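Presented below is the structure to which this report refers.
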Amino acid sequence: MCMEPNDPYRGDIVSTIIFVSGIITILQVTFGIRLPIIQGANFAYVAPAITIITYSFPACDSLDLSTMTADEKREQWQIRMRELQGAIVVSSVFQVLLGLSGAVGVLMRFVTPLTVVPTVTTLGLSLFSVATAQASSHWGISGLTVVLLVFISQYLKNVQVPYPFYSRGRGFHVNRAPIFTYFPLLLVICITWGVCGILTKLNLLPEESKARTDVTSDLLRDSSWFRIPYPGQWGVPSLSVGGVMGMTAAVFASVVESIGDYQACARVSERLTPPAHAVNRAVACEGLGCVLAGLYGTASGTASYTGNIILIGITRVPSRRVIQVSGLVMLLTGMCGKLCAVFASIPLPVLGGCLMFMFSLVTGIGLAPLQLICLSGWRKTPALCRPGTR
């Protein structure tokens, strides 16, 4: 996007993503699929977005941002954002029509685990180049991030951490909870971010290192305390045929993934499989969320979060009310500019390590439905493997 590391608009984009995710989460849980599932930015839109920016605009490395005025710098990333906005809005209208027409209900007969597995798995594998590009800014920090994520999420998941708790019947007492299971990503980010801060303070990192925490100090200082995202805040969206076609492919991949998520969420929540009319309604609602994401300017569409389904299985709390409150929390968080600027100032190698772990998780989740497929026949194995070949 050609944004400098300390550009305060980074925090504004993060606040927009969180704000819109809160809106569509509340709409989806209340009027859409009516299952406890969170909506947010989807990885399926990353590859088309990178392709659109790469082939429609000059490379950021060819631009000398240091000689530009503040308005010229802002225009460089906003013109790219507007191109993505237009592509997302138009392609998302197709998704809305797909849901309203009832076509998704018909397609559900063909969206089987044999379809979901190669779609989601290929998506996870294709994004590793994005993660490694960010992780390569400092392999030591990104490697530490991955190792800690694996250690905490796999080996400390059953550790019960004591904490003070108050109840009317027992008063103050010590309670225990698997904190490492609930917040592995947050804990690891705090630890590795702290390591980056210590290394920066001791001046053990080169001045140009992406792992330094003082690179984004201006971002935190210049960000506003309170802001409300609004449609068209980056300008009027622009359109191109190539951009719309690329985002349309992401829309269809997102729909296939979401249908699998709806079925998995119903299974984990111990509810009946969503009927065709509920899935149609959910896809239309998801498409509406993508339209809002395009109008607000998030640079990505929205879809269901598979990780949310995993947490439901762990916590055993399949409550729509909890997800509605979570959506409200996202709305309030999206209006807190300083807090969103903190998220935007995460060191790049820490973010790269987290993405490597997350994309591995996406790939693993994509392979999970294999347990529902009988692979003894000769017809299914080639159909399963062919989409992943190059």
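Every residue gets a Cβ built from N, Cα and C, even glycine.
All TrEMBL annotations are machine predictions without curation.
Within its own chain, the transmembrane segment (12-31) is flanked in space by residues 37-41, 223, 227-229, 233, 281-282, 285-286, 288-289, 292-293, 296-300, 302, 304, 320, 323-324, 326-337, 340-341, 343-344, which lie at least six positions past its ends and keep a Cβ under 8 Å from the stretch. The annotation transmembrane segment is assigned in TrEMBL to 12-31 (among others).
Residues 1-2, 76, 79-80, 83-84, 87-88, 123-124, 126-127, 130, 240, 242-243, 246-247, 249-250, 253-254, 257, 299-301, 303, 359, 362 of the same chain, all 6+ positions outside the transmembrane segment (43-63), place their C-beta atoms under 8 angstroms from a C-beta of that stretch. Residues or ranges marked as transmembrane segment by TrEMBL: 43-63 (among others).
Taken from TrEMBL, the feature transmembrane segment covers 84-104 (among others).
Long-range contacts of the transmembrane segment (138-156) within the same chain: residues 180-181, 184-185, 187-189, 191-192, 195-196, 205, 209-211, 347-350, 352-354, 356-357, each at least 6 residues beyond the stretch ends and with a Cβ under 8 Å from a Cβ of the stretch. What TrEMBL records for 138-156 (among others) is transmembrane segment.
The transmembrane segment feature in TrEMBL is assigned to 179-200 (among others).
Taken from TrEMBL, the feature transmembrane segment applies to 322-344 (among others).
TrEMBL lists 350-370 (among others) with the feature transmembrane segment. Long-range Cβ contacts of the transmembrane segment (350-370) within its own chain (Cβ-Cβ under 8 Å, at least 6 residues beyond either end) map to 43, 113, 116-125, 127-128, 130-137, 141-146, 149-150, 185, 188-189, 192-193, 196, 211, 260, 306-307, 310.
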